[in-house]
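Undergrad: Let me begin by handing over the structure; questions about it come next.
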Amino acid sequence: MAEVDHLAAERATARFDVEEMKVAWAGSRHAVHVADRMARLVASDPVFRKDNRTMLSRKELFKDTLRKAAHAWKRIVELRLTEEEADLLRQYVDQPGYVDLHWGMFVPAIKGQGTEEQQHKWLPLAYKFQIIGCYAQTELGHGSNVQGLETTATFDPKTDEFVIHSPTLTSSKWWPGGLGKASTHAVVYARLITEGKDYGIHGFIVQLRSLEDHSPLPGVTLGDIGGKFGSGAYNSMDNGVLRFDHVRIPRDQMLMRLSQVTREGKYVHSNVPKQLLYGTMVYVRQSIVADASKALSRAVCIAVRYSAVRKQFGSQDGGPETQVLNYKTQQSRLFPLLASAYAFRFVGDWLNWLYTDVTQKLEAKDFSTLQEAHACTAGLKAVTTSVTADAIEECRKLCGGHGYLNSSGLPELFAVYVPACTYEGDNVVLLLQVARILMKTVSQLASGKQPVGTMAYMGKVQYLMQCKSAVSSAEDWLNPDAIQEAFEARALRMAVNCAQNISQAASQEEGFYERSPDLLEAAVAHIQLIIVTKFIEKVHQEIPGHGVKEQLQALCNVYALYILHKHLGDFLATGCITPRQGALANEQLGKLYAQVRPNAVALVDAFNYTDHYLGSVLGRYDGDVYPALYEEAWKDPLNETVVPEGYHEYLRPLIKQQQLKLSRL
Ligand SMILES: CC/C=C\C/C=C\C/C=C\C/C=C\C/C=C\C/C=C/C(=O)SCCNC(=O)CCNC(=O)[C@H](O)C(C)(C)COP(=O)(O)OP(=O)(O)OC[C@H]1O[C@@H](n2cnc3c(N)ncnc32)[C@H](O)[C@@H]1OP(=O)(O)O
Ligand SMILES: Cc1cc2nc3c(=O)[nH]c(=O)nc-3n(C[C@H](O)[C@H](O)[C@H](O)COP(=O)(O)OP(=O)(O)OC[C@H]3O[C@@H](n4cnc5c(N)ncnc54)[C@H](O)[C@@H]3O)c2cc1C
C-alpha cells in the first residue's frame, strides 16, 4: 500500500495541469480522446493479452500474431473505425507483425510509385485484405547499397511480360517483414533490363503465394530467415527469404509512375528525379521518428514511476529510506531522457508536417524540397533511433535488478526497438547522406547561394564562424537565443572544418572517405540543432493549461543543456563557448533537474499510457510494484511444478552419486 501512496503523493506535487499536458503531447484534444478510446479498447480485450508473450515458442508467438491481427481487423470492420482509429488500435496491440509492412510499406509503395490505374487496381484489394503485401528490397548481399541489388526483371516483348529472376545466392531477398509466412504479394525491387540494357532498380508487384491455399507459386522459393534477438520481441515478425526462378509477371505490374516500359520494350523515364524511387523509405523514416518518441517515452515512464517507488539507503532512526528518484545521479541520467522523449515528439510532429508539405509540392512537380526531406528524414531517423535504443537500455539499468526481468517490459522493448538503428537505413549510412548534403551546402556558400530550410543558418557563415557566446551566468543559459547561437555555431564550424580538411585531400571522394568519422559527428551536430530549434519553436507557441508552457520550457532547456554538456568537447574545440561557460551550463542543468523533480511522475502520466500498453509491472500507474512482481514470478512455466522436470534424470542421480562418494570416504 505504501507504494500506491507514493505515486499519489508524487502526483500531488505536480505544478501543472496534467490533462492539458496530455493535449500538448498528443497534439490536440481530439487526438487525446481517440488515443484514449483505442488504448482502452485494446486493453479490455482478452485476445490482445501480451503478458505471456516472452514465454511462447516461436511457432506459438507467430500464431498468436496472426490471431491478434485477424481479431484487430474484425474489430476495425465491426466498429467501422476510421483510418486514424485503426492505426492507433494496431499501435496499441503492440506486436510487430505482417500488417505493419502491409499498411506501412506495401500500400505506400503502390500509392507513391504506382500510376493512377495501378492504384485503382491494387489498392482496393490491399485495403480489404484480399491480398497481403510486403516490401521486398533488401537482399542477402546488399541492403544499404540499393543500387547494388542483383535481382533482375527482364522484359520479354514476345509475351509482354517481365521475367523476375534471382541469378545468385546473394540476390535472394532477405529480411522483408511479412514475407516469410504471411504475404501473398510483394513490391519487389529489381534491375530492369529491356532491349539488352540495364536501367537500374525499379519496383514490381509480384504475386508470391496462391490465394487459394497459400502455397508458393511456381518458381518462387520462400521461407522465414530464423529467430532474432531476444525472447518474444521481433520474433513475432516473419522476416523472410525469397528466390525467383524465371517468374513471369505482366508488364503492367511494373510500378510505372516514375518510368515506363512500352509494349515494344522501350524504356521511358518521366521528367522526375530518379530518387523518387526511394519515396517509401522517406515516408517510413519520418514515421520512425514519431515512433522513437513513443518507445522512449514508454521506457522513461517505467523508469520514472519505478524510481519514485523504489527506495534505497538513507533511513535515519527507522524513518523512510530515500526514493531513488531523489538521487542526483538518477536524475541526471533519467531527466535528459524524459526531455528527449518530449523533444522527439515535437520534432516528429514537425517532420510529419515537412513530409506532407514536400509531398504536396511533388504532386505539383516542384522538386525543390526533395533534398531537405531526405536530409531531415535520414538524419532524424538516425539520431532519434540511436538515442532511443541506448536510452531503453539506460532505463533498464535505472531500474536496477528488476529492470532485467521480462516482467519489467524493458528487455522486450529493447529487443523490439534496437533493429530500428538498422532497418530503413543503417544509421551510419544515413548520417553520411546528411554529411554529403552538408558538404555540398558548405561548398556552395562561396558562390553566394543562400541555403534554405534547416540549412538556412549556414547562410550566417561570416557571423557564426567568429561569434563568441555572451553567457556570463548560469541563468544566461535559459535564454533560447544563447542556446540557438551556440548550437548553430558548433554545427557550422564542424561542417566547415570537415570541408576544409576534405579540400586538402587528393580528391573530394577520398577526402570524404578519410574524414567520414568527423563527418558523422558534424551530421549529428546539425541534426541536434534541428531538434533543439524545433523544441524552442514549440515552446514559443501559445500553449494552454496551467503551468504547461513552463514545464515544456524547462524540458527544452534540459534537452539543450544536456546535449551541450555531453558534447562539450565539440563546443570547446570549435571555440563556440569557453570552459567557464560550459561549467555554467552544467550548473544550470543541475538547477533544472531540481525543477523537474516534483513534476516527473506527472510528466510521464501525460503520455497517457495504459498499463496494458506499458506492459511493465515496474511502470504500473498505481505504483503497486512489489505484489505485482511477486505474483508475476509464479506465472513462469518453471513454477508450474514444485520439483522441476529433469530432476529424476539429472539432478537426483548427480546428488545421489555425490552422496555415495562421500559415504565411501
Ligand atoms: C515495430 C515497428 C516499429 C516502428 C516503425 C514505425 C512506423 C513505421 C511504419 C511502418 C513500417 C513498419 C515497420 C517498420 C519496420 C521495419 C521495416 C523495415 C523496412 C526496411 O528496412 S526496407 C529497406 C530499407 N533500406 C534502406 O533504407 C537502404 C538504405 N540505402 C539507401 O537509402 C540508399 O541506397 C542510399 C544510402 C541513400 C544511397 O543511394 P544511392 O547510391 O542511390 O545514392 P547516392 O548516395 O549516390 O546519392 C544520389 C543522390 O540521391 C540523393 N538521395 C539519396 N536517397 C534519397 C532519398 N531517399 N530521397 C531523395 N534523395 C535521395 C542523394 O542525396 C544524392 O543527391 P545528389 O545527387 O548529391 O544531389
Ligand atoms: C528487423 C529488420 C527488419 C527489416 N525489414 C525489412 C523489410 O521489410 N524490407 C526490406 O527490404 N528490408 C528490410 N530490412 C533490411 C534493412 O533495411 C537492412 O538490413 C538495412 O538497410 C541495413 O543494410 P545491411 O543489412 O546491408 O547493412 P550493411 O550495409 O551491410 O551494414 C553493415 C555495416 O557496414 C557499415 N556500412 C555500410 N555501408 C557503409 C558506408 N558506405 N560507409 C560506412 N559504413 C558503411 C554499416 O554502418 C554497418 O556497420 C530489415 C532489417 C531488419 C534488421
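The backbone N, Cα and C atoms fix where each Cβ goes, and this holds for glycine too.
Annotated active site, proton acceptor per TrEMBL: GLU424, in sequence order. The FAD binding site annotation in TrEMBL covers THR138, GLY177. According to TrEMBL, the feature domain 'Acyl-coenzyme A oxidase N-terminal' maps to 17-132. According to TrEMBL, the domain 'Acyl-CoA oxidase/dehydrogenase middle' annotation covers 134-235. Taken from TrEMBL, the feature domain 'Acyl-CoA oxidase C-alpha1' applies to 278-439. The domain 'Acyl-CoA oxidase C-terminal' annotation in TrEMBL covers 479-656.
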Undergrad: For the C-alpha pair, I'd like the distance in angstrom between the residue listed as 'active site, proton acceptor' and THR138 (FAD binding site), rounded off.
TA: 10
Undergrad: How many neighbouring Cβ atoms, not counting its own, are there within 10 Å of the Cβ of GLY177 (FAD binding site)?
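TA: A count of 25.
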Undergrad: Compile a sequence-ordered list of residues in the same chain as THR138 (FAD binding site), six or more apart from it, whose Cβ lies below 8 A from its Cβ; state 'none' when nothing qualifies.
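TA: Residues satisfying the criterion: LYS173, TRP174, TRP175, PRO176.
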Undergrad: Using DSSP, what's the helix, strand and coil tally for the domain 'Acyl-CoA oxidase/dehydrogenase middle' (134-235)?
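TA: Counts, helix then strand then coil: 9 helix, 44 strand, 49 coil.
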Undergrad: Can you work out the mean pLDDT of the predicted model over the domain 'Acyl-CoA oxidase/dehydrogenase middle' (134-235)?
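TA: Taking every residue of the domain 'Acyl-CoA oxidase/dehydrogenase middle' (134-235) together, the mean pLDDT is 97.
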